[in-house]
Amino acid sequence: MENTASAAPPSSEDLVVDTKENAEPPFCGISLSGSSQAPFHPQSPTLQQDERDELILQQSGEQQLGNSGELRQEEELPKTRRGGWTKGRKRKRSPRDNNAPKAPLTGYVRFMNERREQLRTERPDVPFPEITRIVGSEWSKLPAHEKQHYLDEAEKDKERYTKELQQYQNTDAYQTYSRKAQSRQKGRQQRQEGVRGVPINTEKESILKERPIFDIPIFTEEFLNHSKAREAELRQLRKSNMEFEERNAALQKHVESMRSAVQRLEAELNQEQERNSLLQQHLQSVRQALTHCLQSVPIPGTTEIPTLETIDLYMSRLQNAVLTHPKESEVIISGVREVLSQLEG
């Protein structure tokens, strides 16, 4: 019986089960050759589905490889460097015209300067950017009639700036500054044209072409470390920027106070100069009067009489003679007193 059972042909169900057990496992990767494909079994629908899936995966793998090859070819193409400012080179700012009138402030800037100092006094623990944000929010919510006050002041300041600028443009200082600015602009253009006209050395050009492009694959530890370093650098730059803004605000306030102090000192200097000129005129008139009144009073022991040029020396010598010989100089003293009484009258 056992031999008979083993010799009997297998049924269709046994054939399907045996085929499933002996068939190759499902496709787990991308195959580029057709030799590893499973044989075709028309009586097994499961194998047909597996072969279709394998063929689809194979085609998609070939397409991916083709696309990756195209990407490699594109990456291997030399990348031309865009024109622009040279890395690491700083732009030079044009020198400021110190003689020019002060630029006008807008209404918002006036409100911000006034309100910012109040907030820094009331809330010293709040950082500078937060104060700026609070001031901006208050300005947007400020009523129109209160906001109009700052806008009117800004308009007056603008009119003042326009008048002062028109007056300044007619001065020699502005003409000198304008000529210097034009000469600097011409020199800069000539330097740029000279740099463009000089051919690049072939050796330097080959070095630039062979220089590797900084490329880090994503989803790697190196990329994460690079991102962390950049984020730390950005945080440090933001912190430095905030500190510089606060320092700039403090320096701006100090500059304004220094300007007001300079203006006050200039006004005091003008007053003192006017007072000095008046005193100089009065002194000159006193010298003339003394010279005229003391023409007949010589210094004791000499025949020297005063003149307009020697009146100061004459008065000094006369005083020394009177103090040295007071008894002999009583007549001269009485005469000088009469002259001075007439002068005071």
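Keep in mind that glycine also has a Cβ here, set from the backbone N, Cα and C atoms.
The model shown is predicted, which means the values in this text are computed figures rather than measured ones.
Swiss-Prot annotations:
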DNA_BIND  101-169  DNA-binding region
COILED    227-290  coiled coil
COMPBIAS  32-48  compositional bias 'Polar residues'
COMPBIAS  57-67  compositional bias 'Polar residues'
COMPBIAS  80-94  compositional bias 'Basic residues'
COMPBIAS  112-124  compositional bias 'Basic and acidic residues'
COMPBIAS  167-180  compositional bias 'Polar residues'
REGION    1-124  region 'Disordered'
REGION    167-198  region 'Disordered'
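Secondary structure of the compositional bias 'Polar residues' (167-180) per DSSP (helix as H, G, I; strand as E, B; remaining residues coil): 12 helix, 0 strand, 2 coil. In the compositional bias 'Basic and acidic residues' (112-124), helix, strand and coil residues by DSSP number 11 helix, 0 strand, 2 coil.
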